[in-house]
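Noted in TrEMBL for the protein shown:
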type: TRANSMEM; residues: A:12-34; note: transmembrane segment
type: TRANSMEM; residues: A:41-62; note: transmembrane segment
type: TRANSMEM; residues: A:91-115; note: transmembrane segment
type: TRANSMEM; residues: A:122-140; note: transmembrane segment
type: TRANSMEM; residues: A:160-181; note: transmembrane segment
type: TRANSMEM; residues: A:212-232; note: transmembrane segment
type: TRANSMEM; residues: A:244-262; note: transmembrane segment
type: TRANSMEM; residues: A:269-288; note: transmembrane segment
type: TRANSMEM; residues: A:294-314; note: transmembrane segment
Amino acid sequence: MASLRLLLAKPWIWSFIGALLVWLATIAFTGGYGGGGMITAALSLAVFTVIVGVGQMFVITLGPGNVDLSLPANIGLASAVAMKVMDGNDAMIAVGLLAAVACGMAVGAANYLLIWALRIPPIIATLSASFIIQSIDISYGRGLQIKPPPGFASFTNWQILGIPILAILTVLFTIGAAIALQRMIYGRSVLAIGQNIRAAWFAGINVGRIRFLTYTLSGALGGLDGALLAGYFRGANVDIGNEYLLASIAVVVIGGTSVAGGKANVPGVWGAALFLVLLLTMLNTFGVSAGVRLLLTGLIIVGVITAAGGQKALR
Amino acid sequence: MKKMLILGAFAAMLASGTALADTSDKKIAFSNNYAGNSWRQAMLDSYAIVTKKAVADGVVAAADIFTTADKEVPTQAAQVQNLILQGYDAIVINAASPDALNGAVKQACDAGIVVVSFDGIVTEPCAYRVVVDFKDMGKQEVEQMAKFQPKGGNLLEIRGLAGTSIDDAIHAGILEGVAAHPEFKIVGSVTGDWDQTTAQKAVATILPSLPEIVGVVDQGGDGYGAAQAFAAAGKPRPTIIMGNRQDELQWWKEQKDKDGYQTWSASIAPGVSSLAFWVAQQVLDGRTDIPHDLLVPYLAFTQDDFEAALPKIPKGGVASHEYTQEDAIAAIKANIK
């Protein structure tokens, strides 16, 4: 009982409860049919939101005003870079992935440069950077879909007993991110800056360097995500990252990370990403119209955040 | 008497419908609001090919292309106002909104400028609208499906961008088709936004809960994504109606080479921009009998001719068709009843 209460006190548990409830509602509707397939589909799709969600989580944790709005454009450009470098050739997969990550890192570094050198608020800096990136992408990719090499495409679909390999790798990655956040100097510094940037500075934390690293990390994860998305969805395109603007912020918030910064948790990102995909599954399965679907998505997200937030107020 | 003769000649000239009146000193501008996908790129390419030739041949004096970014209404409205000031005789427009640009379009009309909208049409009555017969396309999808799946069965429908007239028209056509073919039943419907990624995701989420699907009726741009979702879920491959994209036709060809897979493909040709150009030219030419709402055919490929078209489509692009002046005259004629 005590352990259950301890579990319920965790801010991330609510996103998992939400995901479970939505899944149960869906299989109740289908009479138990297709439950396993839904989990497989949810894991395959949630991976992409988790990867950028973790990057966004680190940025948001830096404190009020910190957010990376350049992720969608970054993902789009990196997807094109990865596919062009790979050029349909299996031997170039690793090079293509590295190129995508490097491209993302460059975007992240450029973001911080705008914030630091020109003293522009991050929300404006990353948004204006995204316009520039998107323009580069349009002239670089010419709006065409470039196909991934067959080996890379099938890698993104590999499954062991219905569990996608990509999801397993992403779980390992998130465990690493959780350790970095809670146990390493870098992560503790991010949390400290988010709680009070002046205090962190007085405590001897190199604030500029940590912020630079965090924006670069977010950019790198966006780049990696772009390459993986292009593999899974069989082609790069400018709009491939569009939905991750809101989704990356939504999973951070639903997952129980504080929007005000200074308080973060990694498991919640997984719970929230699964919750969002299963929510789409549920509404698609119920067969509601597009308008009702958007309405319900909004209401349910508000509901989950209120449930999670209400619990926090009691403590 | 002489006056009568001239009038008679003038009437004959109008009736013949060719470019007898001179448009060689007329300038036509193209106002576009987005260039970020393969369809828009092909639209701009087709337009550039046709208009470059028209300018070189002296049919019109200038045909300039102006593209703003991000489908923003205020930006495009400001652009239209600039085009008015720059003294163009006609504006061909792919509008960011059906009604929000009406004010700017009305200003253009009042300044004596001919406005021809296509794809993203404007509702302002003074403008011309070149509209593809999407309802018939939706109906035809089910007709074709009945040929490939004579026994009927369950269909999955992929809808386009919610709230657009195009989505409504194709959907209405599909429903009409299903009503005429009761052997088919739509058991699921998802929103694919004419986008491969969105469609693949939506289909992946609904597939586990669906019974066996014999066919997918969609709106173009979503067929390849649907095929990937079926493959990823390990479900049998249904008959998927395609939408003229290169990857869709390429996939179709691979399946056909493997086991004789059959389907059908249709979509609005991006080159409809060139048709809109010719309509503008015809109006400038002095024709007064052109209806303001022009219904034009969609571009379709069948089992017999899609392979011939495939090499001509740029990799990752979409099949287009450049319309000629004769095509435009024929399309106008078909709309005069």
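Note: Cβ is positioned from N, Cα and C throughout, glycine not excepted.
Curation plays no part in TrEMBL annotations; they are all automatic predictions.
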Counting a contact as 3 or more Cβ pairs under 8 Å, with residues at least 6 apart in sequence, do the transmembrane segment (A:212-232) and the transmembrane segment (A:122-140) touch?
no
Thinking of Cβ pairs under 8 Å, which stretch from A:12-34, A:122-140, A:160-181 has the most of them with the transmembrane segment (A:269-288)?
A:12-34
Under a criterion of three or more Cβ pairs within a distance under 8 Å and sequence separation of at least 6, are the transmembrane segment (A:12-34) and the transmembrane segment (A:160-181) in contact?
no
Residue numbers, six or more beyond the limits of the transmembrane segment (A:91-115), whose CB comes under 8 Å of its CB atoms
68, 70, 73-74, 77-79, 81-83, 85, 121-122, 125-126, 128-129, 133, 149, 151-152, 155, 211-212, 215-224, 226-227
